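S.K.: This is the structure I want to talk about, given as C-alpha cells.
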Amino acid sequence: MEKVILVRYGEIALKGLNKSFFIDMLLKNIKASLKGLNGVKLEKIQGRFIIRVALEDFDRALDLLRKVFGIVSISEAKAFPNDFEQIKRVAVNMMECINEDTTFKVEARRANKGFSLTSMEINNEVGGHLLDNNQYLKVDVKKPEVKLYIEVREKTYMYSSILQGLGGLPVGCSGKGVLMLSGGIDSPVAGYLMAKRGVEIIAVHFHSFPYTSERARDKVIKLTEIMQDYTGPIKLYIVSFTDIQQELLLSCNERYTTLLMRRIMMKIAERIAIAEEAKALISGESLAQVASQTMESLIVTDNAVELPVYRPLIGMDKNEIIDISQKIDTFETSILPYEDCCTVFVPKHPETRPKLEKILIDEQKIDIEHLIQESINTAEIITM
Ligand code: ATP
Ligand code: MG
C-alpha cells in the first residue's frame, strides 16, 4: 500500500480554455513547485493527478501544492489494488484512531465499472464492516462528523479529508503581465490576484537611490521571493528613477509631480511589457485610496499608455487588501519602514481632480523620451 497525494483541478474553470493546454500547464507548474523534493512522481489519471513523494517530504509537498493556482483541492490518500477484502481492512485501519463517539458516512465512487460492487454496495458493505469493528462509530448520512472516501479506479484510493486549494488558473495560461511592484502592501496583492487568473508575472520596481536606501531594494527582492511560491519564477526589473524625479522637481508644477511620476512609471513599464511580450500592466491601485487614485487621476495615468492597466484591487478596502497580504505572507515585509520613491517627494497639496490637458503641457517641459531610454538602458534585471 502506498501513500499518495490526490490533486483535483476545477473542471468548471476549463470552460473558456483548451483543456489539455490547461492540464499540461498545471502539471508543469506542479513539477516546478515540487522541484526541490525527493522522489517526486506525477501521474495523470482521469480528472485528477496522483503525486508520489518521499515520505520525509510529504508534508512539505502538501504545503507547496496548496499554493499552486489551478488546484481546487488535495487529499492525502492510501492507494492499493482493487480488492474488496483489502478495502475493508484499510477502512478499519483508517478509522482506528477514532476512540470516542463519532458519526460517519462512507462515500464511495466506482469509476472503474469492471469492479464487482456498485458505489452503493461499497457504501453499505464498508459502512457495516466499520460498525462491526469500531464501537465508537455511528452512521449519519446527512451530517456526518467524518467522511471516508473510497474511489475505485484502476486502483483504489481511500482518504478521509479534503484540503481546499486556491482554485484559479495555472500561472502562464493567460499570458504575461507587467506588475508595478512598489514594496508597499498593495502591489504584491495585486500581482497575486492576477497570477490567480493565470497571468505570468514580470515585476518592475522603481527606486531613487540614494534617496531610497539599499534596504528598500532588498525589501522588494524579498517580496518577490515570497510571491514566487504562488506565481512561479518572477523576472524582476529594478529601474532607477532618480534622474526622472529630479527633472520633474526642477521643471514641473509641484502639484502634478506625483501624477507625472506615475505616468512615466507606466510608460517605462509598457516598454518592458512590449519587450517581454506581455499584454497588460498591473498596479495595486484602489479607487480613491490616495490623491493619485481618484477617477480623474486614473484617467491621467491610463492615458500615458496604450496597453490596458489591470487594477485588481480597485474595489477593495484597505483592510480587505491587508487580509490577503497576511494570508500570502507579504504583509510583514511590506510594512518594513524603508522609503519608497513615491514617498520621498510627495507634494504638500497633490492634485485630486487633475485636468489631463494641463498635465500634458507640464510633461512637455522635460525630455521624457531621453529619460525613459536612459532608465531602461540602466535597469538591473534579477531572475530568481
Ligand atoms: P502600494 O502599497 O502597492 O505601494 P500604494 O497604496 O502605496 O500602493 P501608490 O504609492 O500611489 O499606492 O502606488 C500605486 C501603485 O503604483 C502601486 O500599487 C504600484 O503598483 C505602483 N507603484 C508605486 N510606486 C512604485 C514603485 N516605486 N515601483 C513600482 N511600482 C510602483
Ligand atoms: Mg506605495
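In case you wondered, yes, glycine gets a Cβ from its N, Cα and C as well.
What you see is a predicted model, and the numbers here were worked out from it, not measured in a lab.
Annotations per TrEMBL:
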DOMAIN    59-163  domain 'THUMP'
BINDING   Met180, Leu181, His205, Phe206, Arg262, Gly284, Gln293  ATP binding site
S.K.: Please work out the number of neighbouring Cβ atoms within 10 Å of the Cβ of Leu181 (ATP binding site), leaving out its own Cβ.
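M.R.: Result for Leu181 (ATP binding site): 28 other Cβ atoms within 10 Å.
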S.K.: Can you count helix, strand and coil residues in the domain 'THUMP' (59-163) using DSSP?
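M.R.: Tallied per class, the domain 'THUMP' (59-163) gives 34 helix, 34 strand, 37 coil.
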S.K.: Express in Å, rounded to the nearest integer, the largest CA to CA distance found among the ATP-binding residues Met180, Leu181, His205, Phe206, Arg262, Gly284, Gln293 named in the record.
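M.R.: The ATP-binding residues span at most 19 Å between Cα atoms.
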S.K.: Which one of these binding-site residues, His205, Phe206, Gln293, has the sparsest Cβ neighbourhood, judged by other Cβ atoms within 10 angstroms?
M.R.: Gln293
S.K.: What kind of secondary structure is Leu181 (ATP binding site) part of, going by DSSP in three states?
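M.R.: It is coil.
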S.K.: Counting every protein chain present, what is the number of Cβ atoms, excluding its own, within 10 Å of the Cβ of Met180 (ATP binding site)?
M.R.: 22
S.K.: Do you know which of the binding-site residues Arg262, Gly284 has the most other C-beta atoms within 10 angstroms of its C-beta?
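M.R.: Going through Arg262, Gly284 one by one, the largest Cβ count within 10 Å is at Gly284.
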S.K.: Can you see whether DSSP assigns Gly284 (ATP binding site) to helix, strand or coil?
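M.R.: Its secondary structure by DSSP: coil.
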S.K.: Taking only the residues in the domain 'THUMP' (59-163), give me the average pLDDT of this model.
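M.R.: Within the domain 'THUMP' (59-163), the model's average pLDDT equals 97.
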